[in-house]
Amino acid sequence: MAEQTGVPYDRGWAWMIVVGYFFSSFIMLGVAKSYGILMKPLIDEFNVDITIASLGNAVMAGIYTLGGIGNSCLYGNGVVMIGSYFKRIRTVANGVALSGASVGTFVIPPLIEFLLQTYGLPGTYLILGGLYLTIAVCGALYRPLTFYASERQGGENDEKHQLVTKDMNEYFTSTGSLVIGSMESLSQIVQADESKKLSNSITIEICGKAIVIPKIFHFSVLKMPEVVFYTIFSFLVFFGYFNFIILMPLDAASKGFASYEKAWLVSCAGIGDLLGRVVIGIVGDLRIIERYKIIGATCICCGINILIFNFATVFWWCAIHTTLYGFFGGAYVALNSIVLIDMVGLEIMPKAIGVILLIQGLGAAIGQPVEGAIKGASGSFSLLNYINSSLMIIGGFFMFLYPFVRDHAKKSKDKNDVEQEEEDQA
């Protein structure tokens, strides 16, 4: 990636990006992880079973609903921008930004419980919708790297030739962002040193305007062994990680806990999540241990705590293991995009993460109704905890196979380079 002049890497406005993403994740992921608090009122309000009650969250995660599109834009853009703005302390910045989810997971469950008691289910959803709307302010803090590269070159003539927003093909190909400008200045993008080719974009001329729409999903990255490997890992781990916290409040209710105790169990996970992101983020940047080993170990530990939670019968015991679940799960989330960058590089990461998030989201989309059906058939949450813990543990051990994948990818690349060199000589 060409070095952008004047970009405040690891300083200045880079931290405003972190602030914007902190509050975005506070609301978005805080509400998402608190969805289990809403499931019991949904079951009672509409007289449905757990499978139907879980479909609301699953549909938003799986198909193009307004909420699902909004969440995908929030997460993908934030991860890519932080990865672009930070180099030396990328893990710490990513951990701090995503710690908003930890704080949200701590604050929002008791808030939802209070809203349910005060305003009922319809009023709660209305207030949560208003809370979501404030994320627009957070998004206003995002500033593309090309903002710094587009310096004035000819005084008043620059206004004529400068696009409002230049090509973000390198950074936002996975988000479906639009780049709009005049046809006259479109050539300026192609010729500028700091701009990238539009080979992966679709250009449409409408009323004299050029609309460049980058491809949303680059499935060609699945030709890379590292991307396939990380996609499998993400599906396994995220399935167990996310579905546990969604269904855990109902599991707690089956153990006889009161409504406020269920909310506080989710909050305990938020406390652990915050600690895990910060601590493991710092450890990851020290480079004492390779980061893929850290993320593999944290997933194994997280899965073990889900398994032990299955046998907890009193509140304090459950609280300990939800806190530890949050700690190791927070470490996994903090390292998720960082490890991907380590494997494929920053240039490929925006393309890869779109495909990975698509397949990873399927775990959240199908997991809740499937596990709801299993609960309905078995009548117990025990089997669900076994499934979720097993997938996380398997995914964690799977990550330790990365050196074999890396060596295979290197040998394939070397072989292709040799063949290409022979063809060129011929």
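Each residue, glycine too, has its Cβ placed from N, Cα and C.
Quick look at what TrEMBL annotates:
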- 12-32: transmembrane segment (TRANSMEM)
- 91-112: transmembrane segment (TRANSMEM)
- 124-142: transmembrane segment (TRANSMEM)
- 226-426: domain 'Major facilitator superfamily (MFS) profile' (DOMAIN)
- 227-250: transmembrane segment (TRANSMEM)
- 262-283: transmembrane segment (TRANSMEM)
- 295-317: transmembrane segment (TRANSMEM)
- 323-341: transmembrane segment (TRANSMEM)
- 348-366: transmembrane segment (TRANSMEM)
- 386-405: transmembrane segment (TRANSMEM)
Distant-in-sequence neighbours of the transmembrane segment (262-283), which means Cβ under 8 A and at least six residues beyond its ends: 30, 33-34, 36-37, 91-92, 94-96, 98-99, 101-107, 109-110, 112-113, 245, 248-249, 252-253, 289, 294, 298, 315, 318-319, 322-331, 333-335
Paired segments the transmembrane segment (323-341) and the transmembrane segment (12-32) in contact, 3+ CB pairs under 8 A: no
Interface check, the transmembrane segment (295-317) with the transmembrane segment (124-142), three or more C-beta pairs under 8 A: no
Candidates 12-32, 91-112, 124-142, 227-250, 386-405; stretch with most C-beta pairs under 8 Å toward the transmembrane segment (348-366): 227-250
Interface check, the transmembrane segment (227-250) with the transmembrane segment (386-405), three or more C-beta pairs under 8 A: yes
Ranked first among 12-32, 91-112, 386-405 for CB pairs under 8 angstroms with the transmembrane segment (124-142): 12-32
Mean of the pLDDT scores, which run from 0 to 100, over the domain 'Major facilitator superfamily (MFS) profile' (226-426): 91
Chain residues outside the transmembrane segment (12-32) and at least six past its termini with a C-beta under 8 angstroms from it: 57, 71, 74-75, 78, 81-82, 85-86, 93, 96-101, 103-105, 107-108, 128, 131-132, 134-135, 138-143, 270
